[in-house]
Amino acid sequence: NMAAPSAPRPPRPRKEPQPLVIPRSAAEEQRLRLERLMRNPEKTVPIPEKLNEWAPRPPPEFVRDVMGSSAGAGSGEFHVYRHLRRREYQRQDFMDAMAEKQRLDEEFQKKLERNKMIAEEQTAKRRRKRQKLKEKKLQAKKNKLEQKKQEKELDQSQEQASSEDDEEDSKEEEEKEDDAEEPSFVMGR
């Protein structure tokens with residue numbers, strides 16, 4: 001084992017030993033974990049994936065050691081039977097639990113749909129109410145504008161009528177003035 005001597009390695013920087021801190025509460029434990037993670041931010045953090053739910057082993061497609069009823073059972077057969085029975089009960093319990101879970105999920109989805117429908121109905125009802133108010137306001141505005149137009153038209157027609165009356169009055173006054181030049185009765189004759 002006489003290998004050529006290699007170049008001496010540079011000494012590794014030693015990590016300072018961290019003081020032992022025993023967390024007294026869950027918050028302190030979490031704080032310590034975060035501090036340890038933040039010492040080296042470049043290091044990847046393993047994030048555990050969600051574990052799959054436990055599912056029982058499916059029943060075998062072909063059973064080789066079928067216990068017959070004609071022969072006497074040996075001393076080890078009870079344990080085999082017990083394990084098979086336990087596994088089958090587990091499988092049935094799992095199937096019942098899955099059926100119950102599915103039923104609850106369906107009920108929850110129906111409830112969500114029902115709540116959504118109720119919320120949509122309420123929204124539609126309020127929308128109709130807002131629309132009615134909006135239309136009512138627009139109608140009131142239109143009526144007001146029409147009323148103003150009618151008032152303007154009346155004012156204009158009254159002005160025209162008054163100007164026509166003024167013309168008629170001036171004609172009558174001229175006629176009266178003409179009448180004044182020629183006395184309608186003679187005094188002292």
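Positions of Cβ are set from backbone N, Cα and C atoms, glycine also.
Annotation source TrEMBL lists region 'Disordered' at 1-57 (among others). With DSSP states grouped into helix (H, G, I), strand (E, B) and coil, the region 'Disordered' (1-57) comes out at 14 helix, 0 strand, 43 coil.
Outside the compositional bias 'Basic and acidic residues' (26-42) by six or more residues, the chain places nothing with a CB less than 8 A from a CB of the stretch. The compositional bias 'Basic and acidic residues' annotation in TrEMBL covers 26-42 (among others).
Marked as region 'Disordered' by TrEMBL: 115-189 (among others).
Positions annotated as compositional bias 'Basic and acidic residues' by TrEMBL: 115-124 (among others).
The feature compositional bias 'Basic residues' is assigned by TrEMBL to 125-142. Sequence-distant contacts of the compositional bias 'Basic residues' (125-142), counting only residues of its own chain at least 6 positions beyond either end whose CB sits under 8 Å from a CB of the stretch, are absent.
Annotation comment: TrEMBL describes 143-155 (among others) as compositional bias 'Basic and acidic residues'.
Annotation comment: TrEMBL describes 162-182 as compositional bias 'Acidic residues'.
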Subject >> Long-range Cβ neighbours of the compositional bias 'Basic and acidic residues' (143-155) (under 8 Å; 6 or more residues past either end) >> reply: none
Subject >> Secondary structure content, the compositional bias 'Basic and acidic residues' (143-155) (per DSSP, counts of residues) >> reply: 13 helix, 0 strand, 0 coil
